[in-house]
Amino acid sequence: MRAAAGWVQRCGAARLSRPLRVGSVPGVLNQGAAWNSASRRRYGVLPRARDAEEKAVLDSMMRVDHAGEYGADRICAGQMAVLGRTQAGPLIQHMWEQEKLHLQKFNEILAEHRVRPTVMLPFWNVAGFVLGASTALLGKEGAMACTVAVEESISEHYNSQIRTLMEADPERYTDLLQLIKEFRDDELEHHDTGLEHDAESVPGYFLLKTVIQAGCKAAIYLSQRI
């Protein structure tokens, strides 16, 4: 994660810190979709790119965020396939619904701004589902351990983006910062929920967490670049 954050700092902050013209593109949301909560407003989160360099940096941010939420969605799908009819089902379903809303928003951003998703999506589709299902086979505790590991990685990545945007121009990126902070807070909620539901009690918890987070780090690295 430090490597990924460092890459964002090197490739993002220097470029984003240049004086930029203010402008925004209206957001597009499905009329029937209330993403996250009724209090959250509809808005376009990306300012109109000043030049090709800024567009490349913002595209990379949105591409990896989309990939992360896509992977989280598939992990929840795998967990529900195994534990959906158990007492843990409603808990996982609640987190899954939030991940679906995150993914929906990033789908809209990518379409609105013509951002190409990572070519790794087909792999993340399978890998995410397998990870969710295989850890769920260890029981609720295994699923929660997976959730803690993944959400910790995602929230740390969101925090690195927040730092980059704040150092660059917080006023220009106000809406993007709000979106990332809201999604980061949801991920932290999932992380805490996992701990509250005995994630650390699964045998080999720390080894499992280390392996999963190494995979998350590799996924972030690849999704930013291809």
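In case you wondered, yes, glycine gets a Cβ from its N, Cα and C as well.
For Glu69, Glu99, His102, Glu187, the entry in TrEMBL reads Fe cation 1 binding site. If you draw a 10 Å sphere around the CB of Glu99 (Fe cation 1 binding site), it holds 25 other CB atoms from the protein chains shown.
For Glu99, Glu151, Glu187, His190, the entry in TrEMBL reads Fe cation 2 binding site. Non-local contacts of Glu151 (Fe cation 2 binding site) by the CB criterion (under 8 A, 6+ apart in sequence, same chain) comprise Ala72, Glu187, Leu188, His190, His191, Gly194.
It is Glu69, among the binding-site residues Glu69, Glu187, whose Cβ has the fewest other Cβ atoms within 10 Å in the structure shown.
The Fe cation 2 site is defined by Glu99, Glu151, Glu187, His190, and by the 8 Å test on Cβ atoms against their centroid, the other residues of the chain that qualify are Ala72, Met95, Gln98, Thr147, Val150, Ile154, Ser155, Asp186, Leu188, Glu189, His191.
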